[in-house]
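Student: Just dropping this structure here.
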Amino acid sequence: MDISRADGGSYTDNLIGTLLAIFGNVLVSISLSIQKYSHVTLAGKKDPRVFYRTKTWWCGFVLTCLGEGANFVSYAFAPLALIAPLNAVSVLTSSILGLIFLREKSKPKEFAKQYGLPFLGCVLTIGGTYLFVAFGPNSHEKLKAENIVKHIVGWPVLLYLLLEIITFCLLLYFYKQRGANYLIIILLLVALLGSVTVITVKAVSGMLVLTAEGSMQLDYPIFSVMFVCMLASVVFQARFLSQACKLYDSSLIASVNYILSTFFAVVAGAVFYLEFKNEDVLHICMFLLGTALCFLGVFLITKNKKKIKTFEPYVTMDMTNGVPTIHDKGLVLQPDFNGSFSYGALVNNDGVAPVTVPVNLEQPPVGCRSTDASHGPPDLKKD
């Protein structure tokens, strides 16, 4: 970062917020992998215990809380334009963990063919992260209740919120009334709600940090308003995201959702908190270049993830014994037992062997059938 662009306080705050966000995203990725491992282990051993009764799952849950807590606090120290794109760190960490936990040993040529694009995506993500952190906005203000109210009543924010509400209502109309279950429509709804989430999270987190430092902010009405809006936006955002996961592949959702959510979060930070007000053209262009590299990197990382093939049986009749047999047309892969969408690492089940499901039916001996046939009913007399 260019320290000459900002005072020491802003630089220190940005550094703390950036490190907290990176630490939080890494912890979340590790926790999701641990929880995924817990589910897969229980399924593999046919353990009758519920997943939340295992120590492994609780370890992942504690790490998730710590990671999300670090992400929440990071919004109080750094601009939205720096924190929002850092979600790419979670995708990057999950990709690396997936490579570590990969059970299948491939030949070098096959390995390069299958994982060449994800490796290139990791390199682009790392380079893009450095660029947007180094050239991102360095100005940061203490979010007191009075400052938040001043931001809300400004005409750019009111115009932005009006356009966002109109767009959200139109998309919701096509989604609910017209049955337009397109991925782009659902994820646009998620991204619009996500922009409200990051605005409110930054306000709530900033006021909580100031309160912890000794300046009480919780008795202002704006804190209650922001807190309620934060909870509501998070709940509806998770609901739409859950609908998208039921209809489309999770790897595609991961890349598209990251791109749309980051774009609207950066725009929200620029309009609501005026984060690019004192930035020059060069730093803005380099920031946009770094963000674009992260977009491309995340897309390449998630592009080659194999889709889960469901069990597609077909039935044939054994003409000799007359017994139906079930055959497996595809690979039976380990399902996502956590029931929610995430950037978990252990979703790549390349090493799983095909499974057949036999039908255990008692077959009478052939000799018995022939004996029974010999004692069948006598032939009828002809008229």
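Placement of Cβ uses the backbone N, Cα and C atoms for every residue, glycine included.
Those TrEMBL annotations? Automatic predictions, nothing curated.
For 15-35, 56-77, 83-102, 114-133, 153-175, 182-201, 221-240, 252-275, 281-301, the entry in TrEMBL reads transmembrane segment.
Set these features in their place in the structure for me.
Tutor: Nonlocal intrachain contacts for the transmembrane segment (83-102), taken as residues 6+ away from its ends with a CB within less than 8 angstroms of a stretch CB, comprise 17-18, 21-22, 25-26, 28-30, 32-33, 37, 71, 74-75, 115, 118, 121-122, 125-126, 128-129, 132-133, 198, 254, 258, 261-262, 265-266, 269, 290-291, 294, 297-298, 301-302, 343-348, 350-351.
For the transmembrane segment (153-175), the residues of the chain that approach it from at least six positions outside its boundaries are 181, 185-186, 188-189, 192-193, 195-196, 267-268, 271-272, judged by C-beta separation under 8 angstroms.
Same-chain neighbours of the transmembrane segment (281-301): 2, 5, 81, 85, 88, 91-92, 95, 117-118, 120-137, 254-255, 258-259, 262, 266, counting only residues six or more beyond its ends whose CB sits under 8 Å from a CB of the stretch.
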Student: Against which stretches of its own chain does the transmembrane segment (182-201) lie, if we need a Cβ under 8 Å and a gap of at least six residues from its ends?
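Tutor: Answer is 72, 75, 80, 83-84, 164, 167-168, 171-172, 174-175, 226-227, 229-230, 233-234, 236-237, 240-241, 243-244, 247-248, 252-253, 256-257, 260-261, 263-265, 267-269, 272.
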